[in-house]
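According to Swiss-Prot:
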BINDING   Gly166, Pro167, Thr168, Gly169, Ser170, Gly171, Lys172, Thr173  ATP binding site
COMPBIAS  13-23  compositional bias 'Basic and acidic residues'
COMPBIAS  62-86  compositional bias 'Basic and acidic residues'
COMPBIAS  553-564  compositional bias 'Basic and acidic residues'
DOMAIN    153-333  domain 'Helicase ATP-binding'
DOMAIN    344-506  domain 'Helicase C-terminal'
REGION    1-25  region 'Disordered'
REGION    62-87  region 'Disordered'
REGION    512-564  region 'Disordered'
MOTIF     122-150  motif 'Q motif'
MOTIF     280-283  motif 'DEAD box'
Amino acid sequence: MDIFRVLTRGASVKKESGPKAKAADYSVINGKDENHKEDNNESQIVKELDFFRNKRIISKVEDDREKTTENDSPNKEEKSGNDDGLIKPVITNTVEASALRKSYKGNVSGIDIPLPIGSFEDLISRFSFDRRLLNNLIENGFTEPTPIQCECIPVALNNRDVLACGPTGSGKTLAFLIPLVQQIIDDKQTAGLKGLIISPTKELANQIFIECFKLSHKIFLEKKRPLQVALLSKSLGAKLKNKVVSDKKYDIIISTPLRLIDVVKNEALDLSKVKHLIFDEADKLFDKTFVEQSDDILSACREPSLRKAMFSATIPSNVEEIAQSIMMDPVRVIIGHKEAANTNIEQKLIFCGNEEGKLIAIRQLVQEGEFKPPIIIFLESITRAKALYHELMYDRINVDVIHAERTALQRDRIIERFKTGELWCLICTDVLARGIDFKGVNLVINYDVPGSSQAYVHRIGRTGRGGRSGKAITFYTKQDSVAIKPIINVMKQSGCEVSEWMDKMAKMTRKEKESIKNGKAHKERKQITTVPKMDKAKRRRQQEMIAASKRRKNEELSKKHFSK
């Protein structure tokens, strides 16, 4: 394309007409005008910039945009407006379904399993999918379903219980949000709370709320009543208790277990009419920390037709047993291996000898250029996280630390700084190991070996999300010889290349498995510091001398006082 010709289009240049003028104009070759070519090139470039032009689903939605706008208006009667006669479902029989499942290594079991969807077009023809919800999906860049969405969405829309396990970053949040929003739309005649989502952490609950809010944008259930989604925060809990806000105002509520139980026990929120109960990170919500709280929530949801769903990146056997006991003929969906990590993550083990060697290893990563931001570093305790933060801060690394002792406001600010790129390296405990979706994390470092294979999968799952590649490095020492075995098993199941010594390593004995389960495999670690032992001893002696001097002065003062 001639850029000067484009820039001077507005100029008025008089030219002679006739055959002579055409002969003098070298842009006309073989009877074709170059200006015409330029216009074609321009239109071609515009098409290339329109990333979704080749999607059939986009063009269909654009054709119906005016109809959708009418449906969005709160002053007009809602219409389904789903003219689905021209759209044919991609998956029509069990042969096509098995071929699709084979392509993404999906394992689905249960009674009377619904066919998966091959695209979002399937939802329109099979379930009269709402056009406004489809628009919201497309506007947020979701044009094709992920494997776990292909399986779980039709199961949920058939009102079946589901136990789903998929790799980190595989789209599990939308797998339960899309059918939930659709079911709320279908049940628009009933007012009050119908959908309840439970999450183990505030950060994850907030993230789910944001995604749910995007999906439900501009969706009206009645003439002037929009679909209402709420995050059960401390302030909202107080409003519900004081009857400032009615508990029937919201259609979907997202909460952590303890906060929800507190509101329910104060009779500020009625869960008896809830029809859809979803446990995100189910393995955490049904372990010994949360199991009693989760049981209380289940007891409060007394609707006979209650649909239950459990989602996680790892599903231990005890969670499967609980699922079978509380669910009615559940469909079990496993994408990949239930104990494997995301295949987009390159996993690596580094032997550091001792605790001092870990700091040397991090500094070596910086020197060798492997320390590429954004980076998340996981440690096993708050004390160790603080200590590492001070060490790296003095190395002039753009770093901050997040843990349970920080306030909610501080944690939110740090997460926001990390997401915007203002912060390069984030040190944290397992408080951020689950569910939080950080776009583009290049590297995850396990400074301390995780307590279990499930914790390892969730930690390294902060990278390699949404189809991107990532890297995970785990430091280990001599005392981690038992604790490292589950990590090696995950690496093997994920298809990672492992060293010869890993292949030759003996399988875990029953005693070793019990020690890992009870936390005995992780022995007490030394303090993180680079101060030499002689300097430490010198400081300790100085502190003892100062303390002794103060003690002597106090004794002298007390003697003088009594002598008087």
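In case you wondered, yes, glycine gets a Cβ from its N, Cα and C as well.
Features per Swiss-Prot, on structure.
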{"residue": "Gly166", "record": "ATP binding site", "Cβ within 10 Å": "27"}
{"residue": "Pro167", "record": "ATP binding site", "Cβ within 10 Å": "27"}
{"residue": "Thr168", "record": "ATP binding site", "Cβ within 10 Å": "26"}
{"residue": "Gly169", "record": "ATP binding site", "Cβ within 10 Å": "23"}
{"residue": "Ser170", "record": "ATP binding site", "Cβ within 10 Å": "24"}
{"residue": "Gly171", "record": "ATP binding site", "Cβ within 10 Å": "22"}
{"residue": "Lys172", "record": "ATP binding site", "Cβ within 10 Å": "24"}
{"residue": "Thr173", "record": "ATP binding site", "Cβ within 10 Å": "21"}
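Taking Cβ pairs closer than 8 Å, the motif 'DEAD box' (280-283) reaches residues 163, 172-173, 176, 197-200, 204, 208, 310-312, 314-316, 319, 323, 434-435, 454 in its own chain, all 6 or more past its ends. Within 8 A of the CB centroid of the ATP site residues Gly166, Pro167, Thr168, Gly169, Ser170, Gly171, Lys172, Thr173, the other residues of that chain are Thr146, Ile148, Ala175, Ala313, Arg465. Residues of the motif 'Q motif' (122-150) grouped by DSSP class, helix first, strand second and coil last, total 19 helix, 0 strand, 10 coil. Using DSSP to sort the residues of the motif 'DEAD box' (280-283) gives these counts of helix, strand and coil: 2 helix, 1 strand, 1 coil. In the three-state DSSP reading, Pro167 (ATP binding site) counts as coil.
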